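Okay, so here's the structure we're looking at.
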Amino acid sequence: MSKFRTIWTTEDRYVEVIDQKILPHELITRKLLTYKDAETAIKDMTVRGAPLIGATAAYGIYLAVRELVEKQLDGSFLDAAFSDLRASRPTAVNLFWALDKMRDALDNSEGDFLQTAWDTANQIVEDDVETCRMIGVHGLPFIEEISKRKKGDVVNILTHCNAGMLGCIEWGTITSPIYQAIEKGIKVHVWVDETRPRNQGSNLTCYELTRHNVPHTLIVDNAGGHLMQHGFVDMVIVGTDRTTRNGDVANKIGTYLKALAANDNNIPFYVALPSTTLDMTIENGFDIPIEERNQDEVRYMIGKQANGEIGSVLICPETTQASNYGFDVTPARLVTKIITERGVCNASEEGLLELFPEYK
Ligand SMILES: CSC[C@H]1O[C@H](OP(=O)(O)O)[C@H](O)[C@@H]1O
């Protein structure tokens, strides 16, 4: 797999990210010099995707520590950094997990505060790479099983939003089993939900799959049920921003509808879950904070215009108001299996505790 990363450190020990707001039209990077740069990048979705949000926040704390040391600021500056980054987006639990990990590391640092922040943020990134690779290892058998049943014919996979490498660091969660299947010579085709309103599917997942020569077809969000009814989908696999103790899954708005359609058509519905997205402190999905974003993300479509310029167009009357919920919750009963870096389990407390006994 030709790998590229979504976030990396520079020679002068700053941080650089891909600006995902303008993919697939332009590949532009942004350098993060301060924790406020990291906060803005998360808020405006320059970077997005639960694991990548966590990694960016971790580096944001490193940048805050660097600024505190270089400008000899007091601890309130770092407290503000934690508070601002914590408030950047509410649903993806990776953000809070990463910030807690940075806080623990700094609280227990016995040496160079700045080096501790640097090392911890880098470790979060490297751990995600291996976590996603292992999700692929454990998810691959599901694709292999369908391929065998179809005597080597194409395995048709439907996915929603972007839970690929652009939502993570390298492998991605839902794309890891796909990339590993293709490396084994299994024929795969991916139905890509465009995923309104920000079109992470058409903009990001299609970009990734194109780069990796993965056969795919872009569909409108509302087509998935029809395709499932007519036998064009063999499995559905999605990511998650937060999965609770009982196995309920928060993910991009529209995921729940795909789960309902898959269940109605006896199609397996898998969730690719890195343990950094697990929230065992919350009993069920209805307690997950659901982000509401600016209504203009719905009222306008952003894209490349005929003249080659990237712009946005209003798609409703000027006076029309819009609702913009960013996520929904798929009940555990609609999830066939959860695929984690430690293995596969049922979407239940019992299933999750089998893989993660530390939460007993
Ligand atoms: C492995 S990415 C997980 C998750 O994050 C995305 O949301 P957003 O693009 O708003 O950050 C989407 O829900 C993905 O499934």
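Backbone N, Cα and C define each Cβ position, glycine as well.
What TrEMBL says about a protein is an automatic prediction, not a curated fact.
Lifted from TrEMBL, the feature list:
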BINDING   Arg48, Gly49, Ala50, Arg89, Gln200, Asn251, Lys252  substrate binding site
SITE      Cys161  site 'Transition state stabilizer'
ACT_SITE  Asp241  active site, proton donor
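Positions of the features from TrEMBL, shown on the structure.
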{"residue": "Arg48", "record": "substrate binding site", "DSSP (3 states)": "coil"}
{"residue": "Arg89", "record": "substrate binding site", "DSSP (3 states)": "coil"}
{"residue": "Cys161", "record": "site 'Transition state stabilizer'", "DSSP (3 states)": "coil"}
{"residue": "Gln200", "record": "substrate binding site", "DSSP (3 states)": "helix"}
{"residue": "Asp241", "record": "active site, proton donor", "DSSP (3 states)": "coil"}
{"residue": "Asn251", "record": "substrate binding site", "DSSP (3 states)": "strand"}
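Highlighted in sequence order, Ile53, Thr91, Ala92, Cys161, Asn162, Ala163, Gly167, Gly239, Asp241, Gly326, Phe327 have their Cβ within 8 Å of the centre of the Cβ atoms of Arg48, Gly49, Ala50, Arg89, Gln200, Asn251, Lys252, the residues recorded for substrate, and are not part of that set.
Proximity of the recorded positions Arg48, Arg89, Cys161, Asp241, Asn251 to ligand 1, judged by a Cβ distance under 6 angstroms to any of its atoms, singles out Arg48, Cys161, Asp241, Asn251 in sequence order.
For the pair Gln200 (substrate binding site) and Asp241 (active site, proton donor), the C-alpha distance works out to 14 angstrom. Largest Cα to Cα distance within the recorded substrate binders Arg48, Gly49, Ala50, Arg89, Gln200, Asn251, Lys252: about 17 Å as a whole number. For the pair Ala50 (substrate binding site) and Asp241 (active site, proton donor), the Cα-Cα distance reads 5 Å. Distance from the CA of Asn251 (substrate binding site) to the CA of Cys161 (site 'Transition state stabilizer') is 9 Å. Gly49 (substrate binding site) sits 8 Å from Asp241 (active site, proton donor), counting Cα to Cα. The two recorded residues Asp241 (active site, proton donor) and Lys252 (substrate binding site) have their Cα atoms spaced 8 Å from each other. Neighbour count (other Cβ atoms within 10 Å of the Cβ, all protein chains): 21 for Arg89 (substrate binding site).
For Cys161 (site 'Transition state stabilizer'), the number of other Cβ atoms no farther than 10 Å from its own Cβ, over all displayed protein chains, is 29.
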